[in-house]
Amino acid sequence: MPYIGSLKVNQFRNLADVDITPHSQFNFFFGQNGAGKTSILESIYYLSVGRSFRTHLPQRLIQDNTDRFLIFITLYNGTQFIPLGVERDCHGDRCLRINGETASSWSLAAKRLPLCSLSAMSHRFLLDGPRVRRQFLDWLMFHVEPSFFSIWQRLQRSLKQRNAALKAKLPLGEITHWDKMLVEDGERLHQLRQNVVTEFKPLFTQMLQQFLPAYPLIGHYFRGWSEKYSLMEQLQINLKQDLQRGYTQAGPQRADFRLTLGDLPAQDILSQGQQKLVTYALHFAQGLLLKEKTGISPIYLIDDLPAELDANKRDCVIDLVNCLESQVFISGIDPNEIRLPPHSTLFHVKHGKVAAL
């Protein structure tokens, strides 16, 4: 089980100088709104994937009146602790270092530091467009399917080139030149996603039964083009409309994973709190599948766990996370709202300062 053995954060949001030793299992950060609780979780997330889960404007992550931020951890990988850190300045330059060496790609950090992030807006998983749900599936494949990332990268390149040709209204031959590569990688990506969904669904059902036994939701995977046609046939059928719109309408970039109860979308039936529990069930099942396939448990970041959940559901979440045998970082306002297990560390966050209790 990977876990963070130490965490240092400098000049990130309102965190001027944080240096803590997290517990290898449960860590609960409490304090008033604006104290910096979420920023702790956000800093770990940024180190893993190179972006924030709160803003698309990275300059906002740098503390006021400073010119850079630094995030540094020591990460236990099962045999030893390795250093992992990132520095970003106000000009947009950033440096990621893993085990003392500059990393060429953020995918190297994501591989070493697998995270499942559950933010205060997690219920939006069901409400937002399909992109977030594709990312959910692709996270799994990135960690369990060795061939996924190279396939995904090639697909993005061919799709970008085809869309540029469509937008520029180039001759048909220059547009369809990209179809063969797009189809080859698109079909392979679809098959990987389909395989992952098949393995994932029973685990999701198992998790959902713990949270919402009265709501037997069903997951449906849509590959991104009609079941009646191959991807090549669909591209040929859509070519005229693609030219009019300036982009490729069909393909794995349009895939989705939707949840229904009977014939109705889950988001039309469930309350906001129930949607939050569904998202928890999805991500806990995600972690279970990762552990089944690789023996590695992800680290969980759970922001504002108590919000919209009654005491029984909060306890249920804690019990399930405990069974996952993962390191967990949880935030909330009141420590009395969470029944933490004995193997926990409580941190008080106030005005950007963090102290273990």
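Note: Cβ is positioned from N, Cα and C throughout, glycine not excepted.
Record features (Swiss-Prot):
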| type | residues | note |
| --- | --- | --- |
| BINDING | GLY31, GLN32, ASN33, GLY34, ALA35, GLY36, LYS37, THR38 | ATP binding site |
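For the binding-site residues GLY31, GLY34, GLY36, the largest tally of other C-beta atoms within 10 A is found at GLY36.
Annotation for GLN32 (ATP binding site): same-chain Cβ neighbours under 8 Å, separated by at least 6 residues, are ILE333, LYS350.
For the ATP site, the Cβ centre of GLY31, GLN32, ASN33, GLY34, ALA35, GLY36, LYS37, THR38 serves as reference, and the other residues of the chain with Cβ at most 8 Å from it are SER39, SER331, ILE333, VAL349, LYS350. Spatially close to THR38 (ATP binding site) yet at least six residues away along the chain are ARG54, SER119, ALA120, ASP303, ASP304, SER331, judged by Cβ distances under 8 angstroms. The secondary structure of THR38 (ATP binding site), as reduced to three states from DSSP, is helical. Sequence-distant neighbours of ALA35 (ATP binding site) (same chain, 6+ apart, CB under 8 A from its CB) are VAL349, LYS350, HIS351, GLY352.
Taking Cβ-Cβ distances under 8 Å and a sequence separation of 6 or more, the neighbours of LYS37 (ATP binding site) in its chain are PHE29, PHE30, GLY31, ASP303, SER331, GLY332, VAL349.
The number of other CB atoms found within 10 A of the CB of ASN33 (ATP binding site), across every protein chain shown, is 8.
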